Amino acid sequence: MKTLVWVEHDGGAVKDATLAAVTAAAKLGEVHLLVAGQGVDGVAQAAASIAGVGKVHVADDAAYAHALAENVAPLAADLMGHHDAFVVPATTTGRNIAPRVAALIDVQQVSDILSVEGPDTFTRPIYAGNAIATVRTRDAKLVVTVRTTAFAKADAQGGTGTVEAVSSTGDKSLSSHVSSEMAENARPELTSAKIIVSGGRALGSGEKFAELIEPLADKLGAGIGASRAAVDAGYVPNDYQVGQTGKIVAPEVYVAVGISGAIQHLAGMKDSKVIVAINKDADAPIFQVADIGLVGDLFTLIPELTSKL
Amino acid sequence: MKLLVPVKRVLDYNVKPRVKADGSGVDLSNVKMSMNPFDEIAVEEAIRLREKSGGGEIVVVSIGEAKAQETLRTALAMGADRAILVVAEQKVEPLGVAKLLQAIVAEESPDLVILGKQAIDDDMGQTGQMLAGLLGWGQGTFASKVEVADGKVAVTREVDGGLETVSLTLPAIVTTDLRLNEPRYASLPNIMKAKAKPLANKTPADYGVDVAPRLETLKVVEPGKRQAGVVVANVDELVMKLQAMGIAK
């Protein structure tokens, strides 16, 4: 089977999510990559050195500069004429593009796969991760998005892929990029952080969130996350949100501070290796999944913990 | 402007799903069902856009079992004008739904279709993008802000790392994220009035769309259970545990 993996990049470097998708694709067959963007020679070279990669298809055009689905999907659909599977990391950009490609080639996509059970069979979470379904597709071609925390990252080095230019399918003039507003965050990126400290509504304010959570995260070298309640209350920007509708994370250690543990939140973090919960309510659902629990007032416990680390 | 809003009837988001012992799926007998939360946000946004533009019509659509009529009545009570129910014998997958919606769009010619970004039962997150692809329209997914002006819609999208704004030529597709708005509750008088609003009953055959499933569910199981943890008495014990795991000095 020939797979085509869509490469997520920022114009300069290949994003880690792509490496997990490559691992999933390698379980299906020969791995080819698609690099679409503007001025992406460097990305293409980096993509070609990912271990196990064959051909790297490069489409360099202003139409692909912001990964607009309206322009990228026809390009991928064309390439699917001679590939059997389109494999995409389930990031916001990947989730935007893949279903459009699936519709263009008349395939029912399989979203957010956790494992590859066979050439046409996958497991995937449903109902916010409260059930795991094994599904088999009857379609002749595959379109799958990959839960990136469920697959190991392919080695970014050691590959000997060959770079091949493909012609642009052009600007479909349906959409244009106006602006981007990226949150400033010098800490480890949430989806790839080894340790995450996450705060909830119990922190009470954005100031308290910063005052308590940030020093603890700094001590641990951790990324910072938040529950939906903390985001909705405006304590932190919404790309901090961990959960079914936010980011799905699986770090080695997840420290949940003042988070009750609603179904929606658990869906985003319950595959963490070790879960530490600090909450004043001993009956909070978070303690049912926590490996280590500490019951008490976070306003005294967190400064004490930070000072003793 | 004319707006089309597809809505789905799903297990209520507060209910913990129970996996059936025979592994055939999730038990939906005698459990509370509601409108998919993202779809409520879509209905709300349509109502607000109509209020801003000073007129127009909102058509809501649901595809599924006959009981989805209740979900449509809820949308009508919120403020939609009329409803279309496509009753399907079996579960319709996102591609089938997108094809049915494509046919409905051809009949209704809306300026904008607003969908939820995903349904909280199958968590697929595909229908809006698929519909946009089939129609050849622009798509503004995961929207946290929508502004219509001069034949275009500006959509601020929630993306990994922050926000992104795109401009789409109308007609277009928008899918809603959680922070787009706070949906209103239907008042009792409006619930009564909604009973008199038109609701057309259709079937997939009326649109000539083949909705045969492409995916076969082999089994559904509960996720692996986590082992019970320990509760420590104080911060010192917690620090010792963290040190033992090698994540603190």
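Cβ from N, Cα, C; glycine included.
In TrEMBL this protein carries:
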type	residues	note
DOMAIN	A:3-181	domain 'Electron transfer flavoprotein alpha/beta-subunit N-terminal'
BINDING	A:Arg201, A:227-228, A:241-245, A:258-265, A:Asn279	FAD binding site
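Neighbour density at the Cβ, taken as the number of other Cβ atoms within 10 Å, is lowest among the binding-site residues A:Ile259, A:Ala262 for A:Ala262. Just so you know, the Cβ of A:Gln244 (FAD binding site) picks up 23 other Cβ atoms within 10 Å once every protein chain is counted. Contact annotation for chain B: of the listed binding-site residues (A:Arg201, A:Gln244, A:Ile259, A:Ala262, A:His265), A:Gln244 place their CB atoms under 8 A from a CB atom of that chain.
In this structure, the binding-site residues A:Arg201, A:His265 were compared by how many other Cβ atoms lie within 10 Å of their Cβ, and the smallest count belongs to A:Arg201.
In the three-state DSSP reading, A:Gln241 (FAD binding site) counts as strand. Per-residue pLDDT, averaged over the domain 'Electron transfer flavoprotein alpha/beta-subunit N-terminal' (A:3-181), rounds to 97. When secondary structure is read from DSSP and collapsed to three states, A:Ile259 (FAD binding site) falls in the coil class. A:His265 (FAD binding site) falls within a helical segment according to DSSP. Sequence-distant contacts of A:Gln241 (FAD binding site), defined by Cβ-Cβ distance under 8 angstroms and a gap of at least six in the same chain, are A:Gly225, A:Ala226, A:Ser227, A:Arg228, A:Val231, A:Lys247, A:Gly268.
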